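Enquirer: For reference, the structure I am asking about is given below.
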Amino acid sequence: PDWDTEELYLLARKNFNISALDFFAETLRTLATLRPKVWFRTVIRILLLDSRYCQAKWGFYGLPMNFNGPCDGNGTSMVCGYDSGVGKLYRQFSDEQNLVWESSTALYPSIYLPPGRTVDENAAYVHSVIKETVRKAEDRIPVYGFHWNYYHGGKSLLNMDDLKSGLVGPYDAGAKGVVIWGSSSERALPEFLDYVRDHMGPLARNFTEQMCKCSQTYCHGHGRCMPSSSTNCQCYPGYSGPSCEKADPKRLHVNSN
């Protein structure tokens with residue numbers, strides 16, 4: 001009864017945040033129990049040891065927070081978002097949500113790009129969001145950036161430089177892949193179909209072919225090349241060794257079920 005309004009507000013906010021994190025975490029744990037596996041189409045099945053069913057990857061879209069904050073520096077030395085001077089405040093916010101990260105089996109940060117910023121700013125922004133997410137994943141779970149072919153607001157399609165930042169940039173920052181978001185209304189637009197055919201499709205195909213060739217050359221086709229070095233491999237489940245040359249029959253059997 002002796003507390004003022006500010007003290008009551010802070011206590012209410014603290015209790016709400018604790019309950020919200022518990023709710024998020026319990027939701028993820030429940031989903032993982034109810035739907036532990038999902039069906040993958042043929043193309044993805046090949047990449048995942050041709051398993052009919054694979055472990056479902058549960059996580060919330062947009063977490064860690066999509067922090068499109070100010071940028072510091074310029075050119076190749078530019079840093080934005082989580083890497084900027086105020087980024088440490090938002091990293092602290094990420095650390096306060098550890099219960100959610102620990103209950104997730106994948107992380108899905110939003111990397112939608114805002115209009116009106118330079119190519120360097122957008123590239124640095126994507127790198128910052130993915131790098132922060134990889135930090136919270138702690139090599140335990142994969143990271144998939146949520147990409148949209150339009151600038152935030154949906155009024156114009158990404159230029160080629162920003163498209164590359166959205167599709168290739170996450171890989172360079174440590175993500176395992178991207179989820180390309182869209183709607184049925186977009187697919188009906190002639191300019192969008194042209195964009196996919198002439199720009200997004202060729203970029204995705206060329207990059208995928210390069211990564212597949214690198215995997216076959218350096219990782220025996222059993223891992224992916226890491227961006228830090230074309231000869232460093234991240235092995236797929238069931239394989240190990242500097243070039244993923246060693247197969248573990250027990251792990252391969254487990255992952256094929």
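Keep in mind that glycine also has a Cβ here, set from the backbone N, Cα and C atoms.
Owing to the predicted nature of the structure, the values given are computational and were not obtained by experimental measurement.
Residues annotated as disulfide bond in TrEMBL: C235-C244. According to TrEMBL, the domain 'EGF-like' annotation covers 213-245.
Please go over these features one by one and say how buried each is and what sits next to it.
Expert: Remark: C244 (disulfide bond) has C219, H220, H222, G223, C233, C235, Y236 as non-local neighbours, by Cβ distance under 8 Å and separation of at least 6 in sequence.
With DSSP states grouped into helix (H, G, I), strand (E, B) and coil, the domain 'EGF-like' (213-245) comes out at 6 helix, 13 strand, 14 coil.
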